[in-house]
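Sequence annotations record features per position, and here TrEMBL assigns domain 'Pyruvate carboxyltransferase' to 5-267. Annotation source TrEMBL lists Mn(2+) binding site at Asp14, His202, His204, Asn238. Sequence annotations record features per position, and here TrEMBL assigns region 'Regulatory domain' to 391-499.
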Amino acid sequence: MKQKIYIFDTTLRDGEQTPGAKLNTAQKVILAKQLEKLGVDIIEAGFPISSPGDFQSVVEIGKAVKDVVVCGLTRAIKGDIDRAAEALKYCKHPRIHTGIGASDVHIEFKFKSTREKILEQGIEAVKYAKKCVDDVEFYAEDAGRADNGFLAKMVYEVIKAGATVVNIPDTTGYCFPEEFGEKIKYLFNHVENIDKAIISVHCHNDLGMATANTLSGVANGARQVEVTINGIGERAGNTSLEEVVMALYTRKDKTDYFTDIKTAEISPASKMVSSIMGIPIQPNKAIVGANAFAHSSGIHQDGVLKRRENYEIIDPKTVGLDASQIILTARSGRAALRHKLGELGIELNQDELNGLYEDFLNLADRKKEIYDEDLRMLVGEKQEGKPQKIKLDLIHAISGNQNLPTASVKLTILDKEYESAATGDGGIDAAFKAIDHCVKKKYKLTEFMITAVSVGTDAQARVNVAIEYNKELFWGVGIDTDTVVAAAKSYIDAINKFI
Ligand code: KIV
Ligand code: ZN
């Protein structure tokens, strides 16, 4: 029979310990509601004794959510537990998460105590918390580096004292997956009353193994996983919710577990956490990174277009994304170009496609990525196609704050070559003057507008100009990754309209 894995989300507590991620109560409530929508089982809402803000957040989250357990963190100290109990009193399903260090490093250097005294303090904390709420989770901090024999004794005693859940954290992200799994197995083999509580795992990502360690914990008996959205958290972060959930979901063939997570809410939750906390998601982040479903090489694009499964193990719709993305770059082939054009409603025959592909490659060599707007522009330029009387062959411009802006141009006007150079207020002004010299006329510029065609510093610039000639306005447009070149093209385009 399939077994449920409880999802304990600590984005709002451990996740908020990410440097610079401080949230106010209103922001935390918004995120808590999204976590409830996502289907997490437990929300760790904060550490009530740590600040009035954290206290208030636990109160408000407790009032705002209904179908989920709300948990407050404490140390194994009565004052902490009282404060957590007070913060949790409005909530339907309260849990106190109390605990103390289990490793000798922590016992000796953090608490300057002994194993016996620490054990006693842990037991007392559970008994005290149990008077406030039924649901008490105990954490054995730094269990990853703790002696297994002592850890087993601690787990036994806190369960006897009333803990409903026992959390085995790899606080410093120290363990290897096999080693962490062995630790959980050891507890199942040596703690007599272990079936009276749920064993939870809480892994940190210092060696990049948080997800692997968490799954190894599950494979050895843990039934609750402590995770954060986007893997945010103290130092290198916590286990990421989306990785564990999607690993269990995707490899159903390997595992016998399920979660109640509504996977289609993963991407909205990830984006919400990133934007509210102001922490960008690394592009190659599994499941939620911008590139997680993007295909950029020609071979991969062709493969995905033939059948998505060729290069994707998850349908992006499962995690709430629209579709796989075909990213057009200099490595893309004609199949990807045709596909993208199709999405934009542009149908080309093979000859037209071949012609456009050349221009596409030229542009892609200058730009990292070709966006929809770039494509529309390329197609537009190609369709205009009628011969121009004035052609820009070369332009060279120098500008800066320490020299006189200068531009030199070479034009072909009705099959004859002209060259000129000029100085101006800036590179564009100098270029327009040099063009004026070549055409032997000075035109009145009445409109000048620059916009970025797409995004990024390598985006193409679109320059629109209007020139007055014989009391009439003539518009011109020029597009290029270089703004001065785009401006010169637009100026010449406008002149071509009436010359
Ligand atoms: O990493 C850790 O050990 C913790 C505990 C407070 C649960 O965050
Ligand atoms: Zn932690």
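Quick reminder: no glycine exception, Cβ is built from N, Cα and C everywhere.
Just so it is clear, the model here is predicted, and its values are computed rather than measured.
Structural mapping of features recorded in TrEMBL.
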residue	record	DSSP class
Asp14	Mn(2+) binding site	coil
His202	Mn(2+) binding site	strand
Asn238	Mn(2+) binding site	strand
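Proximity of His204 (Mn(2+) binding site) to non-local residues of its own chain (separation of 6 or more, Cβ distance below 8 Å) is seen for Pro169, Asp170, Thr171, Thr172, Gly173, Ala210, Gly233, Glu234, Arg235, Ala236, Gly237, Asn238, Thr239, given in sequence order.
Using a 10 Å radius centred on the Cβ of His202 (Mn(2+) binding site) and all shown protein chains, the other Cβ atoms total 31. Taking Asp14, His202, Asn238 as the candidate binding-site residues, the subset whose CB lies under 6 angstroms from any atom of ligand 1 consists of Asp14, His202. Non-local neighbourhood of Asp14 (Mn(2+) binding site): Glu44, His202, Glu226, Thr228, Gly233, Glu234, Asn238, each in the same chain, at least six residues away, with C-beta under 8 Å from its C-beta.
Look at the region 'Regulatory domain' (391-499): DSSP puts its residues at 27 helix, 51 strand, 31 coil.
Residues Thr10, Pro169, Thr171, Cys203, Asn205, Ala210, Glu226, Val227, Thr228, Gly233, Glu234, Gly237, Thr239 surround the recorded Mn(2+) site, their Cβ atoms falling within 8 Å of the Cβ centroid of Asp14, His202, His204, Asn238, which are themselves excluded. In the structure as shown, the Cβ atom of Asn238 (Mn(2+) binding site) sits within 10 Å of 32 other Cβ atoms.
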